[in-house]
Amino acid sequence: MPVSTRSQRPNESNSEHPHDALKGKMKALLALYEEHKKKSVAAAPKNPSFGSSREKNGRRILVFVRVRPLAKKETEAGARCCVRIVDRRDVYLTEFAAEKDYLRLKRLRGRHFTFDASFPDSASQQEVYSATTSELVEAVLQGRNGSVFCYGATGAGKTYTMLGTVESPGVMVLAIKDLFSKIRIRSCDGNHAVHLSYLEVYNETVRDLLSPGRHLVLREDKQGIVAAGLTKYRAYSTDEVMALLQQGNRNRTTEPTRANETSSRSHAILQVLVEYRVRDAAMNIINKMGKLSLIDLAGSERALATDQRSIRSLEGANINRSLLALSSCINALVEGKKHIPYRNSKLTQLLKDSLGGSCNTVMIANISPSNLSFGENQNTLHWADRAKEIRTKGYSANEDALPVPQTETDQVKLVLDLQKENRELRMQLAKQHQKLVTLQARSLAPPTPPSATSLLSTPPTSAPPNEKRRTRPSFLAATHFTPETKNKGEDVAVRIRTLQQRVKTLEAELDRVKKDHSLQLKQKDDVIRELSKKGGKKVAAAGAILLKETNTEEVKSPSHRFRSPVPTAKKRSFWDITTANSPSVTTLNGRKTRSYVISELTAHPSKLIQPGFARKKGDV
Ligand SMILES: Nc1ncnc2c1ncn2[C@@H]1O[C@H](COP(=O)(O)OP(=O)(O)OP(=O)(O)O)[C@@H](O)[C@H]1O
């Protein structure tokens, strides 16, 4: 109703001045906006970091879902998209009525799931890697174990996610690249050693993919379940790891099934072990270790989806059996049962650490968007939803002592602390150097016992005599040279020899101190450089001062340690290798593998032949 407000006074009751109306509207709009903002914040995918999921009674397994694009075959078969991802977190699965089911034609049934993050078919490999695995790689470098496994029906995109193609490398490849670049940033003097092993579980037998031939036996030892005799390769560079990965993939068992032309018929586990040394508070060197397990499971499948013939049916039965064992373990873990039936299959024995140990675990559930795969998708999402409730134990006991800064203030504080420690170390070094110079001068001068006494008993420092000094044990306190106790008439030549010996010892000690110091400076500078990158301007400024200081030191870059050994022939990089559509080959035992051996290459056998990656997108 139009109201004339002209004659009304603004403070009159029931009157509404145009300004008031406007104000009211503004208020309502603001309230609406605030409400919307709150809702969208609540709906936005929470950062599924391990920090946030770290709780008293262990950490929850992080579960992600990835939808692959609709395949050409599916489109041709008239498939419709039945998966919708909202806010990168919620997955809506729609069940369409059958075309001829006229009564229910318009009736849609659906299910809704929420995960730590969900990736639509447009998500890139890098996006998936960054959200799911990059934190695990960082944690492995701090002595924690991490596992990533892909779960889903056959043809849902597990191998694509894990291995990828040469053009779009998957999680395994990106993790290894990231691991090496992180090591290069933080390592000093080849401090990190990377070992690699790659195995498959095929028909309930464990095989070494890097050295095929024998069946391996699983044993439980201090480190958990291990495959006895599994080859462990020491790797020095990303290229080397890629070559090993390709070698392993060529040996992996694959078969065309009705659902997927290169279906993985085995579960593959790539383990990357990182060993490194750190100093504890008492400056003792301690060894640490972090393990990253990257697992590409074979596809769960309906009997009809694959050929029901001979070997295939046996493979299918074994795959389903091990996946069933996996779901029993998930159930038992979720229900908090005391007995977890890990022993029911080789796969669950190998996954024991990832599911119930001290491990950061990530599950990536792969689904197809096709309504023809509704049943499989529902099944996958059901287990993924269940897995969300699994909690693994706390971090491993050998967790790194380096504090992880939470806020900018923490970072600034850490930088300042490190600067202070750095200054102290520099002072110590200067003092040691001064001592050496004095001793050298002393050795050249004619020996006069009383002055030698004063020299050696009083450290040459400008600090006041009563100043509290560091308690670092010094060789100067050694008892075997005490000039006061010597006779004045002692042979001068003997004294000089002794003194020269002391100088030698002192030089050796100084060398050691210098090395230690350089090592510590480098480690701290690396940390500061990293923090400066992460942190705000304050950190950058503080870091810059320190870097400036550090640059005056002669600290050798350790990066050379991570280069591959000098190649004898021109070494092809992983990226140079072509992926011609070579056919799979059959191995001696009759099973097919991902071997793509080109005839030209077989004439010159090399470690760096074709990668056994998943088929390209166009081949879907
Ligand atoms: N995100 C994706 N983008 C493009 N193509 C994809 C994607 N995911 C899967 N594909 C393609 O879908 C096909 C099947 O994928 P893949 O072989 O990875 O399935 P899988 O789950 O490993 O199957 P199986 O369990 O039978 O081994 C492949 O051709 C692959 O290239």
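Residue numbering: from 1, along the chain as shown.
Each Cβ is built from the backbone N, Cα and C atoms, and glycine gets one as well.
The model shown is predicted, which means the values in this text are computed figures rather than measured ones.
Taken from TrEMBL, the feature ATP binding site covers Gly152, Ala153, Thr154, Gly155, Ala156, Gly157, Lys158, Thr159. Positions annotated as compositional bias 'Polar residues' by TrEMBL: 1-13. If you look up TrEMBL, you'll see 451-460 marked as compositional bias 'Low complexity'. Residues or ranges marked as region 'Disordered' in TrEMBL: 1-21, 443-471.
Everything TrEMBL records as a feature, shown here on the structure.
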residue: Gly152; record: ATP binding site; Cβ within 10 Å: 28
residue: Ala153; record: ATP binding site; Cβ within 10 Å: 24
residue: Thr154; record: ATP binding site; Cβ within 10 Å: 24
residue: Gly155; record: ATP binding site; Cβ within 10 Å: 28
residue: Ala156; record: ATP binding site; Cβ within 10 Å: 27
residue: Gly157; record: ATP binding site; Cβ within 10 Å: 25
residue: Lys158; record: ATP binding site; Cβ within 10 Å: 30
residue: Thr159; record: ATP binding site; Cβ within 10 Å: 31
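In this structure, Thr159 (ATP binding site) is part of a helix by DSSP. Secondary structure at Ala153 (ATP binding site), as computed by DSSP, is strand.
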